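Residues or ranges marked as transmembrane segment in TrEMBL: A:6-36, A:57-80, A:86-107, A:114-136, A:162-181, A:201-221, A:233-253, A:265-284, A:312-333.
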Amino acid sequence: MTNELIAITVLWGFIFIYAVMATMDFGAGFWSMVYIHREKANATTIANRYLSPTWEVTNVFIVAIVVALFSFFPGAAFLLGTVLLVPGSIILILLAVRSAFLVFAHVAKEYEKALTYISGITGIIIPALLISVLPITHGEFIDIRKGVPTLNLERFFTNPHAYSFMGFAISSTLFLSSLLLADYSLEAGDREAYRLYRRDAWITGPLSLLMAGCMMLTMRYEAKWLYDKMMEYWPWLIGSVAMFAAAGIALSLPSSRHPHVRGRPRLAVIAIVIQYFLASYAYGKAHLPYMVYPDVTIESAFTHPDTFRALFASYIVGFLILFPGFVYFWRLFMHDKRYVRPK
Amino acid sequence: MDDVIIARSLFGMTMAFHIIFATLGVGIPIMILLAELLYQKTKDHDYAVMAKRWTKGLAVLLGVAIPSGTIAGVQLSLLWPGFMEVIGKVMSLPFQIEIYAFFIEALFMSIYVYAADRISPLMRIVSVFFVALGASASAILITNVHAFEGTPAGFRIENGEIVDVDPWAAFFNPSFFVTAGHVVLSAYMTGAFVLASIAAYQLLRAAQNEQVRRFHQKALKLSLAVGGVFSLLTAINGHESAQLLHQYQPEKLAAAEGLFETQSHAPLAIGGFTDAETQSVKWAIEIPWALSFLAGNRFDTVVKGLNDFPKEWWPPLFVHTLFNAMVGIGMLLLFLSAAALIWQKWLKRPAFPRWLLYGFVAAGPLAVIGIECGWIFACTGRQPWVIYRMMKTEEAVTQTGNLAVLFALFVAIYILLSIAVVLVLRYYFRRHPVADDLRKPPNEGTLPV
């Protein structure tokens with residue numbers, strides 16, 4: 001593996017982890033808004049219970065992506081920083097509002113409803129904006145005016161390709177989060193909430209697969225180079241769809257541990273994460289060597305080799321230091337019955 | 001207005017907003033750690049309540065510090081793509097290592113807040129220690145990038161190409177330790193004084209029961225002790241910072257002091273306004289020879305004046321006022337801590353008089369103003385350079401345009417967040433007065449957020 005490939009793998013790894021964590025994070029914010037009026041069900045409580053300790057950690061990943069991008073690929077950072085000024089700023093503002101009001105809502109209980117609406121709505125817009133970075137890297141929306149690369153916002157907002165990505169982001173956010181919360185509810189022994197979230201996953205799952213189909217369809221016309229190369233990785237795409245089916249089966253099987261409950265959500269969550277991993281691998285591999293088509297490749301944007309070596313060493317040390325912390329965190333919040341089960 | 005000015009205003013505003021929350025995010029964890037340690041040592045329930053309430057406040061402040069820090073980090077790439085291209089190639093290590101510090105802080109902050117009732121006292125202390133460590137380390141690392149901008153090392157620019165890259169030489173650039181030290185020490189000082197302000201304010205309010213009064217007195221003493229120690233350390237370190245300027249960025253020191261002619265036995269100008277026409281500092285108090293002594297520990301140290309540099313390299317001359325404000329506030333805080341020490345230890349009076357309490361109330365806001373002045377001085381005083389003698393600010397700025405609209409948007413969001421954070425803090429602490437917390441059974445270590 002060349003240095004460039006290692007670097008882009010690390011960056012893509014961060015993006016994938018963030019994508020999964022963030023969809024769960026943003027989705028949980030959305031669901032806690034949807035179910036806030038149901039007095040009996042604990043669905044909101046369960047969403048908040050998951051959300052409270054994780055949002056800070058999730059937020060670090062987005063900073064990690066930006067840092068990995070400009071430290072490994074300073075050349076791409078210049079172009080992306082320039083064209084993403086407007087969408088990036090809007091994302092930042094929404095993220096700030098959302099994170100701040102998420103915290104405020106927990107502290108000021110009386111205003112919880114209004115504040116939950118703010119974090120719920122922003123939480124559903126942010127994934128749509130975040131994913132729009134991908135069609136922008138396909139190059140079709142970037143113009144060079146007087147030697148300066150600029151984003152053609154008009155073309156962007158009138159293009160079906162951009163909207164199919166956004167639709168995919170929103171439906172995936174709702175799908176992944178409802179599935180995870182279904183699992184979390186069952187872990188908490190709350191069948192009422194489990195039924196709600198399992199139903200939501202049944203609706204949003206096929207919807208997100210449909211949106212993925214739309215995405216491929218628009219890609220065929222708007223980014224032919226990418227579509228053709230993705231089709232070369234068809235076994236990965238077939239595998240991805242197969243994992244989706246596997247998740248459906250897992251949700252239909254009778255539970256092994258809980259009598260009278262249908263579905264094995266833990267299995268379904270794992271299958272869906274693998275599904276998204278396979279699909280994103282095919283997408284990412286097809287995207288190479290371009291970071292921003294057609295001007296910036298991973299070779300042309302790459303950092304100084306000595307800097308790369310130092311960064312890589314720091315990654316290894318950092319991982320060794322952080323790993324036990326993550327394990328401890330996982331055990332306290334995802335695995336500890338005393339936390340997961342509401343009193 | 002041209003794009004450089006708007007971009008600088010926008011980024012400057014982001015930093016000015018973020019730095020308040022970031023500073024408290026570095027300073028307050030130390031205070032929580034000390035309160036936890038005192039609780040374990042003395043088994044005095046008051047300290048557990050103190051840790052709990054400070055943690056609650058910190059959680060709200062972090063709700064703004066974290067997103068505003070995310071904005072600052074991403075805005076660097078959006079507004080200064082030229083600068084970040086160099087940083088990416090040469091100085092990305094501190095950013096990268098800072099990510100690990102963030103992770104440590106975020107993981108253990110959640111553990112400390114949401115799992116406090118399920119972990120042992122030792123693990124509680126370990127958790128809050130890691131929160132403090134992560135916060136301090138990220139402050140040190142991000143300041144390192146600022147230090148690099150003033151004293152760049154580890155690369156050269158040849159025909160527009162970056163060559164001879166040595167990332168570790170860049171990391172350990174000449175002003176790293178002193179500058180990072182200055183930021184961290186002053187953050188500890190500010191965190192402590194802000195908490196001292198709150199305690200002093202509560203003591204000034206009438207009609208408190210004895211238990212509540214004792215609680216605030218303990219909080220005040222602890223904060224003043226920590227604030228005093230760190231204001232002394234900040235002052236000592238500040239002296240080193242000035243000497244570093246003398247060595248590496250002489251025109252910045254000259255602008256800070258309003259010195260035009262290169263000379264030995266240079267005077268120190270306090271107060272006043274630098275006037276470029278008459279080449280003097282108007283209405284200033286001058287202390288003969290003092291600047292030379294400060295710069296090199298000898299009265300015959302030759303201090304370079306602004307006239308030795310081309311005029312387009314001069315920093316804006318108003319930095320003299322910012323520098324004075326920063327140093328003046330630092331001295332005042334040192335004096336306040338000394339007054340507290342004398343009152344308690346030598347005069348052995350049980351309680352502080354009201355006039356001194358008013359002084360303590362002012363200490364927190366003053367410390368924050370001092371931090372702001374220091375940052376604006378440090379960054380404006382480096383102009384016209386973004387990387388000293390390597391890259392001009394105007395070369396680094398984005399070419400996109402449209403900045404004025406974004407500026408307005410970010411102003412609006414910072415105003416909204418400022419108002420919201422004040423309201424939320426007031427709401428929470430009014431709803432949960434100290435008296436309620438003090439009445440609860442001592443063994444309840446929960447911190448439900």
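Keep in mind that glycine also has a Cβ here, set from the backbone N, Cα and C atoms.
Curation does not apply to TrEMBL; its annotations are automatic.
Beyond the transmembrane segment (A:57-80), the same-chain residues lying 6 or more positions past its ends with a Cβ under 8 Å from any Cβ of the stretch are 7-8, 10-11, 14-15, 17-18, 21-22, 25, 95, 99, 133, 137, 142, 149, 291-292, 295-296, 298, 300-303, 307-308, 311, 329. Counting C-beta pairs under 8 angstroms (sequence separation of 6 or more), the transmembrane segment (A:265-284) reaches the transmembrane segment (A:162-181) with 3 or more such pairs. Remote same-chain partners of the transmembrane segment (A:114-136), defined as residues 6 or more beyond its termini with a Cβ less than 8 Å from a stretch Cβ, comprise 22-23, 25-27, 29-30, 32-34, 36, 44, 80, 83-84, 87, 90-91, 94-95, 97-98, 101-102, 104-105, 108, 142, 151, 156, 159, 161-162, 165-166, 168-170, 172-174, 222-223, 292. Cβ atoms under 8 Å from those of the transmembrane segment (A:162-181) belong to residues 20, 23-28, 30-31, 43, 46-47, 50, 124, 127-132, 134-135, 141, 156, 193, 197-198, 200-201, 204-205, 207-208, 210-212, 214-215, 217-219, 247, 265, 268-269, 272, 276 of the same chain, restricted to positions at least 6 beyond its ends. Sequence-distant contacts of the transmembrane segment (A:86-107) (same chain, at least 6 residues past either end, Cβ-Cβ under 8 Å): 29, 48, 51-52, 55, 59, 62, 115-116, 118-119, 122-123, 125-126, 129-130, 132-133, 136, 151, 153.
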